[in-house]
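> Straight from TrEMBL, here's the annotation block:
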- Cys321: active site (ACT_SITE)
- His380: active site (ACT_SITE)
- Asp403: active site (ACT_SITE)
- Asn443, Asp445, Glu492, Glu497: Ca(2+) binding site (BINDING)
- 1-12: compositional bias 'Basic and acidic residues' (COMPBIAS)
- 313-406: domain 'Transglutaminase-like' (DOMAIN)
- 1-37: region 'Disordered' (REGION)
Amino acid sequence: MSETTSTREETKPPLNGRRALPPNISNDEENEVPELDPFGLIPRGFNPKDYLRIVDIYMFKEPHEINKQQHHTDKYYNPKLIVRRGQPFQIQIDFNRPYRPETDQFWLEFLIGRYPQQNKGTYIPIIVGNVLKPGEWGAKIIHRENNSIRLSIMSSATCIIGKFRLYVAIWTPFAILRTRRNPATDMYILFNPWCQKDAVYLDDEREREEYVLNDVGIVFHGNVEDVKSRSWSYGQFEENILDACLFLMDKAELELSGRGNPIKICRVASAVINSRDNNGVIAGSWNNSYDYGVAPSAWTGSVDILLEYYSSKQPVRYGQCWVFAGVFNTFLRCLGIPARLITNYSSAHDNNANLRLDFFLDDEGKVDTRLTKDSVWNYHCWNEAWMTRPDLPVGFGGWQVVDGTPQETSDGMYRCGPASVQAIKHGHVCFQFDAPFVYAEVNSDIFFSRMEKNGTQVIEKIDTTHIGQLIVTKEVGGDGMMEITEEYKFREGSDEERLALETAVMYGVKKQTTRDTTYQPQTDIDMDFQVQKAVLGNDFKVTITFRNRSRNSYTATTYLSGNIVFYTGVPKSEFKKHSFTAKLEPSSSSSFDVVIKSSEYMTDLLEQASFHFFVTARINETGKILAMQKATILEIPTLRIKTKGELVAGKEMSVIVEFTNPLKQTLENVTLRLEGPGVLRTIKKEFRSIPMNSTLTWEVKCIPMRPGLRKLIASLNCDALRHVYGELNVQIQKP
């Protein structure tokens, strides 16, 4: 026995009294399969060469051949056969002489993992018959010529997803003769959204093209008032990505026999995408320091991250929600589960899931950061995966929320989902997994309250419409935005919405009432404020407007607090404090401008250039407080991308990236990244400095491999400026 196998034996867990075999959790490991399997003593004159012998097996595994074409797997950059389950594929077997069905007997064996067992679906013997049953394992001969036969093989619509080994066995009176181990005949079996019997069946061809076969997508970020978008390269067909995705299931120690079930796969994957409790793929960082790693905003796609993890087996630094969601989407689409990336604007991170986010104000009306534990994320990205839910009552299949960003633990691990979107909409949060947490993310109310000296809590304002105002995803077949808020919740204030909330409360979502605290708001004055759209590095103004609908004169002591916040809603620093007294005349409106200078915010700016303004006004005559909050985002400059030369597959072309520094400072240690699935692998370049107002030009030569509409995506990153992107659609012609 070689060195490597003996050490592997030692690291295997010892057998215990509960199971006869160790757990079968690795798709990579194999068992030895004998070429000669005797039935007993073999007589002296027995010569295997006297019997039917296999000379060659042909898998039809090239991208242009029948199998990959019919199974929609021709885009995978992988030399082996890749098929989807529940659908027939073809192989050809060449014998040493013509096959005689009356006397010759052979069968096929598909094996996966180290301990193949027939009852676990990890050892699959297939006898050749006359008819194929849809969605069940079987094989039949469809063509015979000279010494060759062609077989059509059907796989089960519920079979394990992964990489199988193929053997052909021949029966003789004294022994079974098998083909020797040949990695060239290994094949991958994936989920099949085109097969009605598959749990991930999706009936719309345009949706299948988008949610399974599209290898680039859009991430929507920014905030409700200012939706921004950027491209993300999923790259699910790129070289070694399929193996990397299968490795994630090994890493999560998902038993091979459970790998035909999309519910189980999503659940374990949502834990292994983040590194919190199992050294998973991506280490999150939300504190604006990214030493020894890549800033989350610098990534342009999933491929680099997955390949780095696959080779190093160590978490890749660093990610934030859209990075976790981008990589998760690649994993799902790569295995054949329809998936899309979702953005929820004003997403609640409700620590105790009581559908209530508490913001505590101090005497001046400022938010008290010591007491305030909940946060509102400007946006939060998660994924939806499409599947049936036989574990739930009828009607809760379809899109399921899965989230790889570590926020709260579920059954002891940082993971979330799959939770039925339909169940969330109707308040049926009793159905697994993690529906109450997702329900709170899109349905919480914000309470602004103040502690009186005597310890009573006074609620100054309740905002019931801020959370989950807008939920979006990329439209099918285009780069635009599709709003799907209605799939998660009924219209605010409708009878159905009330009913869904009552259902959620009945099923154990804690909803605190306002009865236990005093709440008498000032109703005859409205306050609102607008933040002027501004470009990074410029001054801008905030306009506060009061409308006094009463016949009384009031004075309002008004306080504006400007905070630089992480996109998760957690403040980093207060950069602007401004207070003034506003005179409010009867039955009239009045506006007040507050100027924000670039010098006030540039030193502390975080990567998303995101501000959060709180305006509180105390009506001096009544002691009541008006409170309002808004997030705003600066316009960040973009990269320009151009091409030079002919855009033809197999011919050299040039890509030119340009950037002009708009800031009143020199940018130091700038990193540029450029990638485009099917056109070029990710390239990085470092620039020492870019002086103010100067333009940088970077030219990259490449040879596009695949014809068709492709996308080039670039990012620029340095400590002073992040989230700078550029993209370009290019039509690559056939040679």
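All residue numbers here begin at 1 and follow the chain in the order shown.
Backbone N, Cα and C define each Cβ position, glycine as well.
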> These are the recorded positions: Cys321, Asn443, Asp445, Glu492. Which one scores highest on other Cβ atoms within 10 Å?
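Top count of Cβ atoms within 10 Å goes to Cys321.
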> Given a 10 Å Cβ-Cβ cut-off, pick out the one of the recorded positions Asp403, Glu497 that has the most other Cβ atoms nearby.
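When each Cβ's neighbours within 10 Å are tallied, Asp403 tops the list.
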> Which ones, of the recorded positions Cys321, Asn443, Asp445, have a Cα no more than 10 Å from the Cα of His380 (active site)?
Cys321
> Could you check which of the recorded positions Asp403, Asn443, Asp445, Glu492, Glu497 is the closest Cα neighbour of Cys321 (active site)?
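Minimum Cα distance from Cys321 (active site) across Asp403, Asn443, Asp445, Glu492, Glu497 lands on Asp403.
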> Neighbourhood of the Ca(2+) site (Asn443, Asp445, Glu492, Glu497): other residues with Cβ within 8 Å of the Cβ centroid, in order?
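Surrounding the site, in chain order, are Thr464, Thr465, Ile467, Gly468, Lys489, Gly493, Leu501.
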> Which residue counts does DSSP give the domain 'Transglutaminase-like' (313-406) for helix, strand and coil?
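Helix (H, G, I), strand (E, B), coil: 15 helix, 41 strand, 38 coil.
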> Over the domain 'Transglutaminase-like' (313-406), what is the model's average pLDDT?
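Computed over the domain 'Transglutaminase-like' (313-406), the mean pLDDT is 89 on the 0 to 100 scale.
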> Let me know how many other Cβ atoms fall within 10 Å of the Cβ of His380 (active site).
27
> Nearest of the binding-site residues to Asp403 (active site) by CA-CA distance, picking from Asn443, Asp445, Glu492, Glu497?
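The smallest Cα gap between Asp403 (active site) and any of the binding-site residues is with Asn443.
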